[in-house]
Amino acid sequence: MKLTFLGTGAAIPTKYRAHPSISLKFDGEIFLFDCGENTQRQIIFTDVSPMKINNIFISHLHGDHILGIPGLMQSIAFQGRTKPLNIYGPKETAKMIENILNVGYHSIDYPINVYEISAKSPEKIISSDNYEVFSFPVVHSVPALAYVFKQVKKPRMDLEKVNKLGIEIGPDLKRLKDGFNIELNGKIITPDDVTVPPKKGICVGYSGDTIPLNEFAEFLKELKCTTLIHEATFDKSMDKNAKETLHSTVSDALNIAKLSGVNTVILTHISARYDEISAYEKDIVEFKAEHPDLHILIAEDLMEYSLKGK
């Protein structure tokens, strides 16, 4: 699994930071979290394939998180896309996409599926054989969502147990792999009899724009998340601004990371007021003095971060 930070800025882009967008590459697919203006151009400088983007997850409908969608949709249409594009977001996402398609002379020949998500309670919005995606309602000035991407690992077959029970390669073994019981020599054998617990999978949380929420930290902990991407629009000295605009500071994000039990936190959504990040680094040094085990990164445009399960 690999994260690519296409844009790490906030409401106003800078020379160094584009509007928010994060690519998550897993098992040959690209999952895009937010799609700010200029996202498709940022992609050019990476190994992210636009044609492999099957799912876009929108945290909320502020312009800095969605204005890259029209251009991206048009470009992949020009490249001959035929498979569906799934777009997830809060209430009014469908209206937003409809408005995009009704403005200008778009030629979109592939299906676009829009899924509006309740901002009232956590939901499992995708469930597949090897991953799950969850939404979590957060608090911002408009309906907003956080997301969690969780790798699903299945129990592994223990060949020593298989051989000891005299199970041969064939239909019986396949049924056990598929999760069904079998009968052998008058004895019922269950999948648990021939497997070992799965290794811990990768789990990544993305806060979107939000105030710090202990409930979100608890949700991440429940899902055993290993990495958190959290907005940090302001440094600690601007706590008042963060509260007024319903954003988070560096310290807020780090405290949520600590409460959630993740190993790594990556700070993003950096305000345009910061030409350099010394104020962020100061807050991080203070936090690390008491919590040295937490791995802390400040995201930069085009930064890549690889994740491996245990």
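Backbone N, Cα and C atoms are what each Cβ position is placed from, and that goes for glycine too.
If you check Swiss-Prot, you get these features:
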type: BINDING; residues: H60, H62, H140, D209; note: Zn(2+) 1 binding site
type: BINDING; residues: D64, H65, D209, H269; note: Zn(2+) 2 binding site
type: ACT_SITE; residues: D64; note: active site, proton acceptor
Tell me, by DSSP, whether D209 (Zn(2+) 1 binding site) is helix, strand or coil?
coil
Intrachain C-beta neighbours of D209 (Zn(2+) 1 binding site), sequence separation six or more, cut-off 8 angstroms:
S59, H60, H62, H65, V138, H140, A144, E231, T233, L246, H247, H269
DSSP-derived structure type at H269 (Zn(2+) 2 binding site), helix or strand or else coil:
coil
Shell list (Zn(2+) 1; ref centroid = CB of H60, H62, H140, D209; cutoff 8 A):
S59, L61, H65, S141, V142, A144, G208, T210, L246
Non-site residues, in chain order, whose CB comes within 8 A of the mean position of the CB atoms of D64, H65, D209, H269 at Zn(2+) 2:
A10, A11, H19, P20, D34, G36, S59, H60, H62, G208, E231
Using CB atoms and a 10 A radius, I'd like the single residue among the binding-site residues H62, H140, H269 with the highest neighbour count.
H269
Output the one of H60, H65 that, of all these binding-site residues, has the highest number of other Cβ atoms within 10 Å of its Cβ.
H65
Once the chains shown are all counted, how many other Cβ atoms turn up within 10 Å of the Cβ of D64 (Zn(2+) 2 binding site)?
22
